[in-house]
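These features come from TrEMBL:
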- 79, 80, 81, 221, 241, 242: S-adenosyl-L-methionine binding site (BINDING)
- 221, 225, 238, 253, 286, 299: substrate binding site (BINDING)
- 63-287: domain 'SET' (DOMAIN)
């Protein structure tokens, strides 16, 4: 999301034009009617909209965040609730602007009653505590916003044990359990160090479930990547849903503009990345780089497109390796480390550094001469090409064995998953589970296929010793070694 610093004006907040006063009560009375009707019309939403959303909308109207000229409004959509266009909207047109005084971020926490006790906490924890405190305060400035926040999402952090069983064997399951352990540990610390020590500020009990609720709201609704804003909740803006049709992230901006009748401030501005017709839903792109597993964990949905199916290969230089220090030095010199993570996406080629790192990890025996200091500046270039048949065969075996092991951990096959998806009638969470496990297995199968084909080519590859002999002019065009006889 980009930051824009040009002055932005909004016509409905501009000073009114003045005219000469004429005490004509009849004309004054008739001229007011259209204004009143328009005011009522822009506040009214679809009767199917929940009452708390209607109340929230009225609050936004009363606070001047939206007006009759705001081109979107809440509506019932396929995702449940979203923003729909009230009129045609041009691509790049500003759709909404929310003044800084309505943002919920670490700055808002610092300015609140709990600012002092939260000053040393991780930003997300301080905002989570702020959310929970405001949620239970009847006099909260954000009361109507709190009322429209959901009790949970379909994020895997909220799944039951039975639901989590459906992603057995997946990397998403291990990630989810890791995140849950992390949140639980953070809660125990903040409860002991902040909540229980400041009961005058936290007069209501905060449970682990409450803390997970706040964590889930931040994961699913927070905006980031604005200037100086890595964590920010923006009421009204966070009603916007995601669409794969949006292929850019340049829609959220931080601008300076009118934030009241006689005041200017920073505004959170959203522009439409698509051309819309009246009645169309307004969409944005949440994150182009997230995998389906990331989407399931953060937002509670996945894209049906296979473009986000991914699997992460984790490779490691073992401390028990005889050449551990040399290998680690080479890895770090090339932007990697003792442990390296490689995200592999379905239908895409392997990450460029994957195979060189594999060759480095597998390097040993007679190939270990490449680890000598004389090769230190050129060794990575050698690793980008096959080193020896033994080394290449080993990396193929290691990767293929890892794929087979991972595939054996799933309790269904790809064919069974695809059948379930084609039949439909799955709950939202089961659809996520089946989509994730099918996607992971397809990527694992793709990786295995790549290295299986590589195994078949081992006899055809050119290795370091052959390349070296060629460089010295000791190998002929047909690969024959040339013997020079003395005259």
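Backbone N, Cα and C atoms are what each Cβ position is placed from, and that goes for glycine too.
In space, 286 is the closest of the binding-site residues 253, 286, 299 to residue 241 (S-adenosyl-L-methionine binding site), judged by Cα positions. Cα of residue 80 (S-adenosyl-L-methionine binding site) to Cα of residue 286 (substrate binding site): a span of 17 Å. Ranking the binding-site residues 253, 286, 299 by Cα distance from residue 242 (S-adenosyl-L-methionine binding site) puts 286 first. The sparsest Cβ neighbourhood within 10 Å, among the listed binding-site residues (81, 238, 253, 286, 299), is found at 81. Rounded to the nearest whole angstrom, the C-alpha distance between residue 221 (S-adenosyl-L-methionine binding site) and residue 299 (substrate binding site) is 8. Residue pair residue 286 (substrate binding site) / residue 81 (S-adenosyl-L-methionine binding site) shows a Cα separation of 16 Å.
Neighbours of residue 242 (S-adenosyl-L-methionine binding site), defined as other CB atoms within 10 A of its CB across all chains, total 18. The S-adenosyl-L-methionine site is set by 79, 80, 81, 221, 241, 242; from the centre of their CB atoms, other residues of the chain with a CB within 8 Å are 77, 82, 239, 240.
Sequence-distant contacts (6 or more apart, same chain, Cβ under 8 Å) of residue 79 (S-adenosyl-L-methionine binding site) comprise 241. Rounded to the nearest whole angstrom, the C-alpha distance between residue 238 (substrate binding site) and residue 81 (S-adenosyl-L-methionine binding site) is 11.
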